[in-house]
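Listed in TrEMBL for this protein:
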type	residues	note
TRANSMEM	32-50	transmembrane segment
BINDING	70, 71, 72, 185, 292, 293, 294, 311	ATP binding site
DISULFID	114-165	disulfide bond
DISULFID	125-148	disulfide bond
DISULFID	131-159	disulfide bond
CARBOHYD	183	N-linked glycosylation site
DISULFID	218-228	disulfide bond
DISULFID	262-271	disulfide bond
TRANSMEM	338-359	transmembrane segment
C-alpha cells in the first residue's frame, strides 16, 4: 500500500506547476557574493566571448590555399660554384622544399661484386661455408655470392655481395658543409580563399609599378616589410631556435606556419598573414633524427654504366597554412546574447544554495521561500474563522529584514 501511495503522489505531483517567488534578503555578505558572481559572468561574456572570441561573427576555418616556393643563392665548394639547380629539391617548388647543406659522395660506382661492410650482421667470415649464396640481408648492401673475400685492403674477410661497388659505407667521401647557405633565400608565395565570404587574399601586396623591383631587394621584416615573403635560411633557423651549424651536420625539418586571422568587418586590406617557425623532427640523438636523402647521377664510360651516389643532409621546409575569417552575423549574435542572459541566472542558483545550506540554520528562509498551496485553507474554511484578516493583492515579495537573526 505504501508503494502505491508513493507512485500515486509522484504521478499527481508530476503535473504540479512551480513558479519562482521573489524574496528580499537583507544580508550584506550574501549580497556581495551575488553581485560578485554577476560581475564575473557578465565580464566573461563581454570580454572573452564577444570581444576576444568575436562570438557575434559567423566564421570559416577551412579555407582554400595554394603555396609556391623558390630558393635562390650560390655557394663555392672547392673550385666549383653551386647554384639552385645543384642544391634545391624539388626544383619546381611547392609546399615542401629542401636545400642541401652537406653531402657524402661515393664516386664511380658500377654493378659488380665486392666485400660486404664488416658492421653488417653475419658479414664477417673465415671461409666460403660461412656465406650462404643468394642470401639477402636487408641491413646490408646486396645479395651474397657465397664467397668469403678480403675486405678491400684489410687483413680480415667478409662475405662477397653483388651490388653497386664500391659500397657507400667504405668509399663515401664527406664534403664540407655549405657555410654560405646561411644567406640563401626562400621565396614563399601564398594565396588563400575564403569561399563562404568570397574573399581572396595573397601575402604579396599588389603593386603594378615597382612590385618586381621591390621583391628583388627586400627581405621579410614583420614591421618594415610585412608584404615581402622572402626569408633568409639563417633567419628561419634563428626563429626556430636552432643552430645553423648543427642543421648542416645532421639536417632537420622546419615548419613554416602561415597564419591568416581575418576580421572581415574591417577593410580587407587589414587581412594580413603572420609567420612562425618551429622544428618538426626529433632533436634527440636518435637514428631517425635530422633529415637526409639519397640520389644518384648516372653516366657511361667506355660503354659501361657508372653512377655517383650522393647522401644529402639539409633543411626541409614544410609550409603549413592556417586560416580563420569572421564577419558579423545576426544569428550567432542572438544565440550568444541569449546564452549570456541565461547564464546570469546561475548567480541566483549559487546564492540560494549558500543561503539554504550555510545561513538558514532554523529553516526561516526555506519556510518563506517554498510555499505549498495544498496547505492553504479553502475559502469555506476561511469563512468559519472568527478572527479578522485582510487579503491584499499586489507584490509577492517577502522582506526578511525584520525579525530574522542573520
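Any Cβ shown, glycine's included, is placed from N, Cα and C.
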Long-range environment of the transmembrane segment (338-359) - Cβ separation under 8 angstroms, sequence gap at least 6: 25, 27, 30, 33-34, 37-38, 41-42, 45, 49, 365-366, 369, 406
Alpha-carbon distance [residue 311 (ATP binding site); residue 148 (disulfide bond)] in Å: 28
The residue listed as 'N-linked glycosylation site' CB neighbourhood, other CB atoms within 10 A: 13
Spatially closest candidate among 70, 72, 292, 293, 311, the listed binding-site residues, to residue 262 (disulfide bond) (Cα to Cα): 70
Top Cα neighbour of residue 183 (N-linked glycosylation site) in the set of recorded positions 72, 165, 292: 72
Residue 311 (ATP binding site) to residue 228 (disulfide bond) - Cα separation in whole Å: 33
Which same-chain residues, if any, lie at least 6 apart from residue 292 (ATP binding site) yet have Cβ under 8 Å of it: 251, 311, 312, 313, 314
